[in-house]
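Listed in TrEMBL:
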- 77: active site (ACT_SITE)
- 39-197: domain 'Thioredoxin' (DOMAIN)
- 1-18: signal peptide (SIGNAL)
C-alpha cells in the first residue's frame, strides 16, 4: 500500500477518535448539567455513628442541639496546618454550641498512613488538638463511611483532605466547604454563626 494512502488512513482514524473523545466530553458535561446535586440531604446526621480515635462509640446523636463541623483530616498534607485553625475555631465556638469533628482519612495521596495511635499522638503533640476525632475512615468511593455517602450524595464527596461539612443543630446538612476554605475564613464563620443563631 502506498505510504501516502497509509498516512491518510492513520490521519482519518486519528481525527475520528478525536471527534469521539470530544463528543464524549460534551456528553459528560451534558449529564452533569442535567443532573445537579440536590442542595440538601434527606435524613439526619444523627442517623450515623463513628468510632472515636480511642475506640469508643461516637454516635453523632450525642451532639444533638449543637452545630457540627466535620472535617476529613490528614497528617502529611499541605493543608495539615489547618489543624491549628480548627482547634482555635473549636475553642472560640464550643461554648456557643459548635463541635469540630476530625475524621482522619488516607484517601488522598497516602497522606494519612499512620495508625489511630500515631495520628492521635501527632495531633496532640503538634497542634494540641482537643476537639473530638474519629478512628481512621474512608471518605470517598464505594467503601466510604455511610455518613460520607450521605453528605456526598447531597453536596459532593471530598476532593481532598480538610473538606468541611457543616451540620445544623437539628442534624441537617447545610453547607460544604472545599479544602482551600480555611477555618479562619469569614465565609465559614458566617455559616457557623448563622447555624448557631438559628438554633438560638
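Yeah, the Cβs are placed from backbone N, Cα and C, and that goes for glycine too.
When averaged over the domain 'Thioredoxin' (39-197), pLDDT in the model lands at 97. For residue 77 (active site), applying a Cβ distance below 8 Å and a minimum sequence separation of six or more within one chain yields 108, 109, 111, 112, 160, 161, 162.
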